[in-house]
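Trainee: Following this message is one structure expressed as structure tokens.
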Amino acid sequence: MVHPWRIAQLFIASAQANTLKGTMQIWPEEMADPDFNSGLTIGPALVGAMTASFLFGCAVLQTYGYYRHFPSDPKVLKGLVAALILLTFGHITCIMTWMWSLVVSSFGEPDEITIFSRPRTASVILTPFIAILSQSFFVFRLFRLSHSFSLLLLCAFLSVLNIAGTLVNAAKILDHSLVSSGRLNAPSWLTVLTVACGGACDLIITMGLVYNLRIQQSTSKLPQQALSSQLYRTANLFDKLTLWTIETGLVTSIATLLIIIFYCLMRHTFAWIGAFTVLADVYANTLLAALNSRTAVRKHTFVLENFRRNAPDTTQVPYPEDLLPPDGTLTADVVVSGQASSILSSTKLV
């Protein structure tokens, strides 16, 4: 007669064997490969995709706010925003498709986990085009403010290098002969140069806007009695615009710097891929935030009108035509000891 406790031991052993067998079917031997580290491959890619999805949602909300608050903007600017959000939608679609193949389709097969896939390549190609749409708006503002053709040509040259390098990298990724031979990675100098060109262009735009904005501030002389009135708040608008320019301009520069650092130090992981995945959505939100922030900036123009009504002697000065915001004509009346001086000027956020 078999003792009951012996029957219980046999039952537990059988259950453990079945569980182990099922586990081996779910997690094959390849997943036990010590060279495979999901924390440095799937992890960064997943975090980057989730962050990009969140930023895309922010871009959609900002696009809705733009078309609602600025219905009279020029068709060119509206078309720019429409093209930007459509390209961003295509980018996030490619990212989600790649993540599905990375997390679901390639589950249990580490050899199938790669960045060299068609959806991933498509997202890489879309990134510089989204960047150049955003940069073109800011370059145009910089040119209107500085009237410098050299800065315009320099930024255009860097943007062209960014797109050209990206297309070359994409062509290498799609070359099946390179994949089959194991030479998967594009030249490191080309990847670094491509990303660095975009970051350098952003940095030049930011520094140029800040420099010209400070010049505009130094040439606007306000009387001491005006500084104690409501016009003082408008004078401080220069400082606020400068701060906004630095905040929005350095975001993309810091993002590109992180990509370069991760690529140089952790090239054989997906850390730099996760940062690169977010870059396109950062560019989109930067442009949309700059356009929508014009509403907050224009609230300060009412200070000028209040000061004009209480002034004994006023001189009307039309808002410079080349610095007009896209959605209307604005005039400002300012009294500066018999001299009129423009307070507001075109910036990255106006």
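Yeah, the Cβs are placed from backbone N, Cα and C, and that goes for glycine too.
Keep in mind it's a predicted model, so treat the numbers as computed, not measured.
So TrEMBL lists these for the protein:
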- 41-67: transmembrane segment (TRANSMEM)
- 79-101: transmembrane segment (TRANSMEM)
- 121-142: transmembrane segment (TRANSMEM)
- 149-168: transmembrane segment (TRANSMEM)
- 188-211: transmembrane segment (TRANSMEM)
- 200-295: domain 'DUF6534' (DOMAIN)
- 241-263: transmembrane segment (TRANSMEM)
- 269-291: transmembrane segment (TRANSMEM)
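Can you tell me where each of these features sits in the structure?
Mentor: Taking Cβ pairs closer than 8 Å, the transmembrane segment (41-67) reaches residues 78, 81, 85, 88-89, 91-92, 95-96, 98-99, 102-103, 113, 269-271, 273-278, 280-282, 284-285, 288-289, 291-292 in its own chain, all 6 or more past its ends.
Below 8 angstroms of C-beta separation, residues 45-46, 49, 52-53, 56, 59-60, 63, 66-67, 115, 117, 119-120, 122-123, 126-127, 129-130, 133-134, 136-137, 277, 280-281, 284, 287-288, 291 of the same chain, each at least six residues beyond the ends of the transmembrane segment (79-101), sit close to that stretch.
Among residues of the same chain six or more beyond the transmembrane segment (121-142), those with a C-beta under 8 A of the stretch's C-beta atoms are 77, 80, 83-84, 87-88, 90-91, 94-95, 98, 148, 151-152, 155-156, 159, 162-163, 166-167, 169-170, 173-174, 194, 198, 201-202, 205, 208-209, 212, 249, 252, 276-277, 279-280, 283-284, 286-287, 290, 346-348, 350.
Same-chain neighbours of the transmembrane segment (149-168): 124-125, 127-129, 131-132, 135-136, 139, 142-143, 186, 190-191, 193-195, 197-198, 200-201, 204-205, 208, counting only residues six or more beyond its ends whose CB sits under 8 Å from a CB of the stretch.
Note on the domain 'DUF6534' (200-295): mean pLDDT across this stretch is 78.
Residues of the same chain lying 6 or more positions beyond the ends of the transmembrane segment (241-263) and with a Cβ under 8 Å from any Cβ of it are 131, 134, 138, 188, 191-192, 195-196, 198-199, 202-203, 205-206, 209-210, 213-214, 269, 271-272, 275-276, 278-279, 282-283, 286, 289-290, 293, 297, 347-350.
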